[in-house]
């Protein structure tokens, strides 16, 4: 160390001084010899030598002082270096400890990586197995598609044979009508339509020919946020409306006044239906439920639950007030027993249904779907009876004529089509410039005498077509918002319409 070196330097200096002193003593030997000389003659010489020695001694003291100071500085520096060395040794120990921890973490990460690699290899093996299964399923699906195509071809052949038989039956029916006319029973022949005798039909005494409406008799601020569904009571002028404000209201169209307010619905009302005895009103709701009110008491009798998405369409059998059918955006059509309050059958289909209705005999369901097809279902078995590509875009409305022979469909392609209810053959197409369907649940209607069609438009107008002339006979303009629903009273008038602002208009 520097301290040892300093000490060795000092000792070396002392030894040099001692050696020099001895040399000087040897040099002063002649002085001792000269002692025998007279003191007076040698006094000046001794004095000079003494002064020289004293000066040399002072220089030695100065040199010793400088060496001592240098030693002190070097000792201090040595202590500082020692302290720095200790700090670096401490830091080195900490770094070594961190290095050990890092090595442990690295070892753990390496173990985890090996486990992940094994898991990845397992997943790759499973993926390969699933890929092989997918290929097998694709082959099966291809085979099933080929088989399905063959079955569809066979089914279409069968439908053609059925249509031929139906044409033969129609020919026999027309022959029977001619015979009845010849035998003087022309009146009975006019009343009879597909086995339904109008004179025995309930409410036939109230039936009247429909008039083409032209004047808005009442403008009713019915609902807040829009009115998506309206309908009349059977053989009555009372109007029922449902809106986004979760309320169902009943109106006297002769005065435009509110008569009943049915509350308790938990979501927006998207569609309405009423039993043929006018006792119960059913609302399809965006809360995934159907609500059934007793009109006389104004209270909810049933809450029909089972759908898992918003219910957009509902209808009641025209034969029995017991059977209700509904469609929701969960790709299901459900049949309900209104007396017991539960679902009796569920039809699952790949395309959502926007609108539906019962046939006049209550045995068939007509449904309009998002894929633009019109389909007929057997209510008892849930089997698909027939279907036709009615529109190029989703169907928004289905309306049945009074005799049940004609089905009116409306679609987002802004076209309104008429189909034969038995063969699903197109028998009329109606469209107009500017007439645009406003929503997926815009409802059009047929007049009670089956002579006119009414449909609302996104520009707030309502077009009235004559079925026989296949042309527009009237355009009604009162609404300032898109018209969502039109319905005709069974008495022949009035016509009612509802728009997106919740305004309901009655037309005469």
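Backbone N, Cα and C atoms are what each Cβ position is placed from, and that goes for glycine too.
As recorded in TrEMBL:
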- 45-167: domain 'Autophagy-related protein 16' (DOMAIN)
- 50-183: coiled coil (COILED)
- 220-261: repeat 'WD' (REPEAT)
- 262-303: repeat 'WD' (REPEAT)
- 304-346: repeat 'WD' (REPEAT)
- 355-387: repeat 'WD' (REPEAT)
- 447-475: repeat 'WD' (REPEAT)
- 476-508: repeat 'WD' (REPEAT)
Contact call for the repeat 'WD' (304-346) and the repeat 'WD' (355-387): at least 3 Cβ pairs under 8 Å, seq gap 6+: yes
Structural state census, the repeat 'WD' (220-261) (DSSP three-state): 0 helix, 24 strand, 18 coil
Residues of the parent chain within Cβ reach of the repeat 'WD' (262-303), under 8 Å, 6 or more residues beyond its termini: 202, 225, 228-231, 233-234, 236, 240-244, 246-250, 309-316, 318, 321, 324, 326, 328, 330, 336, 338, 341, 355, 441
Taken over the domain 'Autophagy-related protein 16' (45-167), the model's mean pLDDT: 89
Structural state census, the repeat 'WD' (304-346) (DSSP three-state): 0 helix, 24 strand, 19 coil
Number of helical, extended and coil residues in the repeat 'WD' (262-303), per DSSP: 0 helix, 23 strand, 19 coil
Per-state residue totals over the repeat 'WD' (355-387) - DSSP helix, strand, coil: 0 helix, 20 strand, 13 coil
